[in-house]
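Report on one structure; see the data block that follows.
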Amino acid sequence: MEWFEALALLIGSIMVLMAVGMPVALAFLAANILGAWVFMGGERGVVALLNNGWGSLSKFALVPIPLFLLMGEIFFHTGLGGRMFSAIDRLLGRLPGRLSYVTVLGGTGFSTLSGSSMGSTALLGSLMVPEMTRRGYKKHMSIGPILGTGGLAIIIPPSALAVLLATLAQIDVGALLIAGIIPGLILAAFYIGTIFLQTRLDPEAAPPYEVENQTIAEKIGLLLRDVIPMIGLMVVIVVMMINGIVTPSEAAAFGALGVLVLAIVYRCLSWAALKASIRGALRVTLMAYLIVFGSATFSQLLAFSGASRGLITWATGFELDPIYMLVVMFCVLLVLGMFMEQISMMLLTVPIFFPLALSLGFDPIWFGLIMLLALEISFTTPPFGLLLFVMKGVAPSDTTMREIYLSAIPFILCSLLVVVLLVLFPPIALWLPGLG
Amino acid sequence: QETITAVHAFPETLIYTQSFLSFVDKVNDAGEGVVQIEVRGGPEAIGMFQQPDAVRDGIVDMVYTPGSFYGGALPEKDALVASNLTAIETRQNGGIALIDEIHQEKMGLKYLGWFDSGVCYNLWTRDAPTFDADGNLEVEGLKLRGNAVYNAFFTNYLGAQVIDLPTGEVYAALQRGVVDATGWTQIGLIDLKWNEFLNYRIEPCFFSTDLGVIVNQDRWNELSDEAKTIIQDVAIQHEIDSVNALRAKRDADFAALEEQGMQVVELEGDAKAAYLSAAREKTWERMQELMAEHPMGTANYDRLIELFYDASAD
Amino acid sequence: MRALIRIYDSLLIFMALISAGTLVWLMISVVLSVLMRNMGIQPWAWLFTSAEYGILYMTMLGAPWLVRERGHVHIELVTAALKPALRRIVSRLVAAACVAVSLILAWYGLELFLTNIERNDYDVRAYFYPRWLLTITFPIAFSFMAIEFARFVFGSELMHSGEAGIHE
Ligand code: NA
Ligand code: NA
């Protein structure tokens, strides 16, 4: 079978199954059964797919997500989150869309330091979306910024994906990590600009409600009682990570424990709240991990069948100017990113793209950063970005996939804009590492 | 012309994979018109730990993987792990033939060759290692990264506080001080960039890599005699070539590391002998225990040790 | 028959409770091992391993319950555009396809489980853990899922909510 036939078979079957409304995880599994049957020799292929499934689901790397979810759900169900946001609301006064800005700032800080896109989407999504919806924000004002900052986790150090990319490509890890700082901050600034524009274009997007003026003393009181302890918890976790007391994968457990302790201290931990929190965290985890079960094998079938390698070889086979070759490679990453998980994509593309990039005269660090941006975008590109499904799980139940897609688009455009800036002004990436 | 499919356990850019790919090139040159190996990819095509099952079940015909990835089914791989010989000597003395026989019997696999042998493991540390009055390494307070291959040695003998981490997380763990020491093969440290944090290499080295090519037995039997001969001959030649190539690579890596300030610390005399024999014997112990649980039992135990360990080579 | 249904229901709930307990265990095991490590004690290796295997048990044992809760996310593109009568048919057909997928996986899951026993396969991490203890979750979970999806084929409730057309 030619590579494009294999590609059409695999992607075609999953698109059709998802479009007719088969649950995403089941659609992956069905496409896998078909693909395994065709490419792996019938029945034994299906057995292999199951064999693969338990392998991809018994990894420590998956431990943080349910715990970040638990943390966010406890925050929400005990009312701790509500307290914090009421306080922030009153502290910031009348700024339209204030909680969206808070999301970007808090999300940038937290997701970059945790290094886990899924984890921080899970945490921020379960914490902020229900709370902001309750306060009259349109959903895209909470969903969009969270999806955006979730992706920032892999650009700004520390970032496990950046380390892996640098290792695979045999480039300087430190330089790639440092190269991400300025573009990451620019991206965060673009997010803020996007929210500003959104509140200007549609004043109804963020609630216009008035807040009573507060005296300085009241403000300090609010800050100390309702904001510092919660934010402090996040800070403590981050400090524990930086000092090597916990690995990033372990940090979430302390987050969940910390919120439990706070809830006890604030006397708002009830049996009902705890039950609702576990139930909520479990629902989203199960949904996301059954998709992980299916999509891990789907990525492998794309690779094993030769479909993705064929696409890459074909696309990079043209003789074009360097800048067009860059566009071609970027597009291949975006297309693959819709259907494959990030690590498989790196394993597949790095051995082909990096030598090509070098032969075209690109700086490898600069190119590595552009690849990271493509990977970041692929987390949130319809139809398959896993962050979108996590968001669907944590958002209020009447949230539709379309709303989530539409919320993501402005923030994806921001990332594309950063890529354009990087092409026009490479020093954005290369200036900082060059100092070292 | 016949085609056999293959996958490799590690990413394509890793030196061991490059070695396997050069073997594939050699087969494809020698086998033109007769037999060709078609590489389907690495862990992105079939999961690293699922590859042994995949070749056993005939989903792919050939796999390049450490024996340790299927140590549950074939504990005899520890003979290679604890070996102080290379594929060159063990091919000659019949050791590899015995390993092949065991693969066929236990897993329905043809063991084609032991590649990239002769590379051993060192302990690498951030801070200067300390020694007790008898010259033994002190592991008290060392935050040592471990994994299933070396824990029998690290925990049972050294009594170290082992932190299990996947390879991909070690860089960040070193950076943050979650661990400050790790075992690793003599080569590859630079590729993983761990040398940014590690400053001492402790000699002597212990263990050996156990990377080998396994082929589905039914598929192997279907091949023409001509194809079999080509593949087997090239494999035996590559066993020899890869030993030499990796020795050269090791020397180059060591030189590059020393230039960056990597210090070498050596255990001496009795302490050295005790260290080496512990690494070996704890591993043999594990092998014997696990072999006893299999239907084949421990009948091959003594022969394996005789063929893969030469006291005079230490 | 009614007794049988009651047993089935309590089994499904029991599995979901194990799943929930595992989630809490993830937190406890990580916190314990970090505390031990920072007190200079060697953390029990089974803390780490139980968390890794826990993810699998949690996902598989909880999956049937999630079907009942309609928590598996799906996209209502076609179903939203259809007239109610046709949508009901499509919805039941999709649910039937889910039953088929689950049954296939339950069947081959059983085969994998039996192979693991026959070959005496172990998963090698800190311990040698019999692999059938992991793969036994497949025939169980996918059989239960098949039954749960079948309720959307034959039962009064539909998998694709009536409000789908409004929302998607
Ligand atoms: Na980060
Ligand atoms: Na994607």
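Yeah, the Cβs are placed from backbone N, Cα and C, and that goes for glycine too.
Feature annotations, reproduced from TrEMBL:
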TRANSMEM  A:6-39  transmembrane segment
DOMAIN    A:12-427  domain 'TRAP C4-dicarboxylate transport system permease DctM subunit'
TRANSMEM  A:60-80  transmembrane segment
TRANSMEM  A:146-169  transmembrane segment
TRANSMEM  A:175-197  transmembrane segment
TRANSMEM  A:227-246  transmembrane segment
TRANSMEM  A:252-274  transmembrane segment
TRANSMEM  A:286-303  transmembrane segment
TRANSMEM  A:323-340  transmembrane segment
TRANSMEM  A:345-362  transmembrane segment
TRANSMEM  A:368-390  transmembrane segment
TRANSMEM  A:411-432  transmembrane segment
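In this chain, the transmembrane segment (A:286-303) lies in contact with the transmembrane segment (A:368-390); the count of Cβ pairs under 8 Å, excluding pairs fewer than 6 apart in sequence, is at least 3. Between the transmembrane segment (A:175-197) and the stretches A:227-246, A:323-340, A:411-432, the greatest number of Cβ pairs separated by less than 8 Å involves A:411-432. A contact links the transmembrane segment (A:286-303) to the transmembrane segment (A:6-39), because at least 3 Cβ pairs that are 6 or more residues apart lie under 8 A. Most Cβ pairs under 8 A with the transmembrane segment (A:146-169) among the ranges A:6-39, A:227-246, A:252-274, A:345-362, A:411-432 are made by A:345-362. Here the transmembrane segment (A:227-246) has long-range neighbours at 75, 80-81, 83-84, 87-88, 91, 106, 109-110, 113-114, 254-255, 258-259, 262, 265, meaning same-chain residues at least 6 beyond its ends whose C-beta is under 8 angstroms from one of its own. Taking Cβ pairs closer than 8 Å, the transmembrane segment (A:345-362) reaches residues 161, 164-165, 168-171, 299, 303, 308-309, 312-313, 316, 322, 325-326, 329, 332-333, 336-337, 371, 375, 378 in its own chain, all 6 or more past its ends.
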